[in-house]
Amino acid sequence: MAMGSGGGAGSEQEDTVLFRRGTGQSDDSDIWDDTALIKAYDKAVASFKHALKNGDMCETSDKPKGTARRKPAKKNKNQKKNATAPLKQWKAGDKCSAVWSEDGCVYPATITSVDLKRETCVVVYTGYGNKEEQNLSDLLSPTCEVANNTEQNTQENESQVSTDDSEHSSRSLRSKAHSKSKAAPWTSFLPPPPPVPGAGLGPGKPGLRFSGPPPPPPPPPPFLPCWMPPFPSGPPIIPPPPPISPDCLDDTDALGSMLISWYMSGYHTGYYMGFRQNKKEGKKCSHTN
């Protein structure tokens, strides 16, 4: 195929023929021969490399570099042969690892019989005695069972650690709540009551006249309008002690209740005397002015 240039230039440029049909080729020739396509591709690649080497992308070279001719890819059969790895030649008595069909886990086993025609075998699981028919292609090496057990143990240990951490945190929260519930009710600004004296004191001994449980502490005195304190607020009133169970009324409990009642009585008395003293000082200041 030829094309003439216009304008009477007389120059002709012959294009490269990529494919021509029915030009004397025999019927037995390979109709899928892509030699011309390979040559055209090699020519384009060579011209592109030459343009990159010269630093000019627009200039193309007519002389292609000598490049190796690519051969058609006809390695399908070889690739299939290489992809199919040969099976291991298992025989009776070999140690292996097999997947138990009931749970899908890998267990160590021993081959008892092999059927080469069916490519199957019968295995006995070590330590269990169960027999099962397995395909020879499904058998694993004994090291696979060890790796599987190691992974399972790691997962179990991680779950156990997370469970222990949650139990430890819940126990710490319960212990904190229990310690708070056992804390003494003396949370006001006043100090706690004095400690109980030694075992030398008790009902029926010198210095004590009470033989039974003391009466409940008196309520705090009501504040009259004329006794309102001049300062913004006074000390908070301590709560009464918890009631004593009748089953726990012994000498020590009775003595402790008596001392608590004395302490609260002195507290309310001092509180009242402070109001009186403050009132007297206020009257003196008013007379002086």
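Every residue, even glycine, has its Cβ placed from backbone N, Cα and C.
Database features (Swiss-Prot):
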- 66-80: compositional bias 'Basic residues' (COMPBIAS)
- 171-181: compositional bias 'Basic residues' (COMPBIAS)
- 212-226: compositional bias 'Pro residues' (COMPBIAS)
- 89-149: domain 'Tudor' (DOMAIN)
- THR23: phosphothreonine (MOD_RES)
- SER26: phosphoserine (MOD_RES)
- SER29: phosphoserine (MOD_RES)
- THR67: phosphothreonine (MOD_RES)
- 1-27: region 'Disordered' (REGION)
- 11-42: region 'P1 (binding site for GEMIN2)' (REGION)
- 55-88: region 'Disordered' (REGION)
- 95-205: region 'Required for interaction with RPP20/POP7' (REGION)
- 150-226: region 'Disordered' (REGION)
- 235-262: region 'P2 (binding site for SM B)' (REGION)
- 274-289: region 'Required for interaction with SYNCRIP' (REGION)
Express the predicted model's confidence over the region 'Required for interaction with RPP20/POP7' (95-205) as a mean pLDDT, rounded to an integer.
69
Per DSSP, what is the residue count of the domain 'Tudor' (89-149) in each of helix, strand and coil?
11 helix, 27 strand, 23 coil
